[in-house]
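Taken from TrEMBL as is:
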- B:12-40: transmembrane segment (TRANSMEM)
- B:60-83: transmembrane segment (TRANSMEM)
- B:60-267: domain 'ABC transmembrane type-1' (DOMAIN)
- B:95-118: transmembrane segment (TRANSMEM)
- B:138-156: transmembrane segment (TRANSMEM)
- B:196-222: transmembrane segment (TRANSMEM)
- B:242-262: transmembrane segment (TRANSMEM)
Amino acid sequence: MAIEISDISKQFGKTQVLRGIDLSIMDRELVALLGPSGSGKTTLLRIIAGLEWPDAGQLVVAGEDWMQLGAKDRRIGFVFQSYALFPHMTVRENLAFGLTVRPKAQRPSAAQITSRVDELLTLLQIDTLGERYPAQLSGGQRQRVALGRALAIEPRVLLLDEPFGALDAAIRRDLRRWLREVHERTGSTTIFVTHDQEEAFELADRVVVMEQGRIAQIGTADQIHDHPATPFVARFMGAVIELPVTLRAGRAELKGVDTSALPRRPLGDGPATLFLAPDQVALEADPASPFLVTAVSSTGKLLRVTLEAPGLPVVDLDLPRLQARGVAVGQNFRLRPLAGAVFSAPRSASPAGLIEMTPVKENIA
Amino acid sequence: MSIAHHKESRLVPRLLIGLAVALTLLMVVAPLAFIFWSAFSRGWNVYVSNILHPVTLHAIWLTTLVALIVVPLNVAFGVAAAWAVARFKFPGRGLVLTAIEIPFSVSPIIAGICYLLLYGRQGLLGPWLMEHEMQVLFALPGIVLVTMFVTSPFVAREVLPLMQAQGSEQEQAAVTLGANGWQIFRRVTLPNIRWALLYGAVLCTARAVGEFGGVSVVSGNIRGQTNTLPLHVELLFNDLNAVGAFAAASTLTVIALVALVVKSVLESRRHQA
């Protein structure tokens with residue numbers, strides 16, 4: 001089902017949680033809502049589910065106005081972060097719930113429900129757990145039951161709130177792959193909320209990055225990573241080193257930084273900020289550079305190198321240990337960014353928020 | 001030195017336990033035993049004839065009737081109040097929370113007097129009720145109203161903390177799965193609160209059966225008509241019929257003991273669940 005969200009706003013008390021969200025999601029698409037806590041992603045998901053109502057805006061799904069439809073009648077599958085399984089029902093009863101509450105005329109026969117539950121147990125790979133109660137299951141198994149319960153009603157849209165938040169890393173990876181398979185097999189339009197960018201990029205067709213109730217950027221993993229739309233997105237993607245530079249003829253200039261690997265930008269001359277990821281900068285020995293190595297520590301695979309220059313923020317780089325053999329405390333190095341983003345703006349952001357300061361942006365691949 | 005210390009550390013708990021047992025025997029078990037001892041002091045036949053006396057039988061019947069009316073109403077009220085307070089934010093929510101607790105802090109006699117002033121002949125609603133020939137005071141409605149007031153917090157107080165702790169996600173999940181309000185209540189909410197609900201109902205029943213103060217103000221103590229069991233016990237006692245009073249009291253005691261057993265069974269079930 002294609003989903004059209006237009007100009008949705010929502011306020012909780014005095015907090016503006018969503019500020020005019022516009023978003024189109026295609027039929028059968030798998031979309032991630034990515035953002036830090038408080039960015040409004042869960043609220044947006046709950047509005048699509050009908051568990052929350054916007055103050056203003058439109059929500060149209062497959063041509064139908066969902067603002068006229070309650071959660072009960074939207075036929076969505078919603079998976080809660082805490083699973084919200086019914087503790088007094090067995091796994092089978094949990095899975096069958098959505099079918100057994102249907103009005104008599106639409107309710108499948110008992111035999112049909114049983115076979116549907118059998119099908120789901122197989123799909124969920126928990127065939128042997130049907131008679132157990134939720135308290136007797138592991139976290140990963142509960143997650144599967146929660147998803148199965150949502151899938152049982154053949155939802156038109158599948159919504160998941162931090163689906164893997166409470167699970168450990170190995171199980172997360174496993175379930176991610178499996179969720180992708182389930183999505184492809186059922187062909188439902190799927191939206192999930194996460195604060196984990198790896199999860200978002202690995203699983204989703206498109207990622208929607210949210211910040212303070214607005215959409216900061218929509219794109220694929222590569223688009224967002226290589227062309228962050230705003231300083232916020234750049235930072236959120238891990239470009240946490242911010243250096244004040246001067247733009248001249250489309251190139252960022254700063255003493256001790258060799259930006260020749262970065263393409264020129266169609267940006268006006270003047271002050272700007274260069275955003276760099278700690279693992280995308282090379283070091284070249286240069287006694288004339290103001291960047292002085294003040295600390296080196298090894299994490300095994302990587303070497304964390306701390307550089308300081310007068311008047312500049314401290315720079316922490318993560319270099320592959322084998323490439324950084326010669327780096328030692330007390331030496332001067334030139335920074336050679338392999339990738340980075342430049343935003344022409346004063347470094348001190350306006351109080352209105354960083355998002356407003358970036359009408360012009362430039363990217364480096 | 002270390003042996004002495006060891007002895008002392010065993011002596012103190014033993015003393016405390018002994019004191020607790022002695023006080024319990026003296027203050028709880030002895031009066032209870034005395035009730036039955038006195039009730040049977042003139043033999044089984046006198047006991048049975050005391051219980052089967054029409055006025056006593058009527059008192060038992062009236063008390064049962066009041067409990068049968070009050071407990072279901074208060075279960076409904078308690079669940080509704082707990083649901084409203086736990087699930088919704090609305091203006092006056094804090095006021096409702098406080099109001100639920102009021103009957104606990106108001107003496108039942110005060111409650112009875114308030115009803116007297118409200119429904120009595122000189123009361124606010126008295127003239128209107130007289131005009132329409134409705135008798136509230138010195139009749140069943142008055143007894144039921146006062147008992148309801150006194151016992152209204154029990155169910156809500158048991159159910160509310162549980163509902164607040166559980167949150168509403170299960171109910172939200174049920175909505176998204178297409179369940180309607182009644183289906184959610186019956187299949188998700190109710191099973192989750194069932195033990196607390198039963199526990200509250202048992203407490204409510206025990207209190208409703210034993211209520212004396214408030215009822216004594218509004219019932220009028222009419223023998224065979226508006227005399228509940230606790231009032232009847234007092235009446236018999238004032239008649240210098242001690243054996244009869246203790247016989248009637250023994251029935252109340254049996255009800256209380258049954259409630260106590262049911263309560264402890266429910267409590268253990270609740271902690272397992």
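Glycine residues also receive a Cβ, built from the backbone N, Cα and C atoms like all the rest.
Values in this document were obtained by computation on a predicted structure and should not be read as measured data.
Pairs of Cβ atoms less than 8 Å apart link the transmembrane segment (B:60-83) most often to B:138-156, out of B:95-118, B:138-156, B:242-262. For the transmembrane segment (B:138-156), the partner stretch with the most Cβ pairs below 8 Å, chosen from B:12-40, B:95-118, B:196-222, B:242-262, is B:196-222. Here the transmembrane segment (B:95-118) has long-range neighbours at 81, 84-85, 124-125, 136-137, 142, 145-146, 149-153, 156-157, 160, 211-218, meaning same-chain residues at least 6 beyond its ends whose C-beta is under 8 angstroms from one of its own.
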